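Since the structure comes first, as structure tokens, the remarks are kept for the end.
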Amino acid sequence: MDVTRLLLATLLVFLCFFTAYSHPPPEEKLRDDRSLRSNSSVNLLDFPSVSIVALNKNSKQISRKEAEKKRSSKKEASMKKVARPRTPLSAPCVATRDSCKSPAPACCDPCASCQCRFFRSACSCRVLSLNC
């Protein structure tokens, strides 16, 4: 029983100590700007001044129009990449994700290549780039 009581008393003292020192100290109340300047560790003159500029409706509309133009140009560029003609397929070829060991013919997909793993024991046709 004495060991249990000693353990509980130690735990209680530790919790009181932890509770007392975990709270931040109360802040000093500053009376005026002079005490603020003398007590502050950061000098306010070190930071550049901030200027606030009001935006009018025209500037907002221009920025929206520019954003829409950028979006449409990106879509057109991606469409141009997709619309590229592909080479005609040869009859004896290996489908994507099928085995393509050295006696096998080339991959059917022009964007795919034969990729081997485990010291060339397991080979398969895989598409490496999506933008092909």
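Quick reminder: no glycine exception, Cβ is built from N, Cα and C everywhere.
Pulled from Swiss-Prot:
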COMPBIAS  63-79  compositional bias 'Basic and acidic residues'
DISULFID  Cys93-Cys108  disulfide bond
DISULFID  Cys100-Cys114  disulfide bond
DISULFID  Cys107-Cys125  disulfide bond
DISULFID  Cys111-Cys132  disulfide bond
DISULFID  Cys116-Cys123  disulfide bond
DOMAIN    93-132  domain 'Agouti'
CARBOHYD  Asn39  N-linked glycosylation site
REGION    61-87  region 'Disordered'
SIGNAL    1-22  signal peptide
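Features recorded in Swiss-Prot, as mapped to the structure shown.
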residue: Cys93; record: disulfide bond; DSSP class: coil
residue: Cys100; record: disulfide bond; DSSP class: coil
residue: Cys107; record: disulfide bond; DSSP class: strand
residue: Cys114; record: disulfide bond; DSSP class: strand
residue: Cys123; record: disulfide bond; DSSP class: strand
residue: Cys132; record: disulfide bond; DSSP class: coil
Disulfide-bonded residues near Cys107 (disulfide bond), in sequence order, restricted to Cys93, Cys100, Cys114, Cys123, Cys132 and a 10 Å Cα cut-off: Cys93, Cys100, Cys114
Site of maximum Cβ density within 10 Å, from disulfide-bonded residues Cys100, Cys116: Cys100
Cβ-Cβ distance under 8 Å to Cys93 (disulfide bond), same chain, at least six residues away: Pro105, Ala106, Cys107, Cys108
Cys123 (disulfide bond), number of other Cβ atoms within 10 Å: 18
Of the disulfide-bonded residues listed as Cys100, Cys123, Cys125, the one whose CA lies nearest the CA of Cys111 (disulfide bond): Cys125
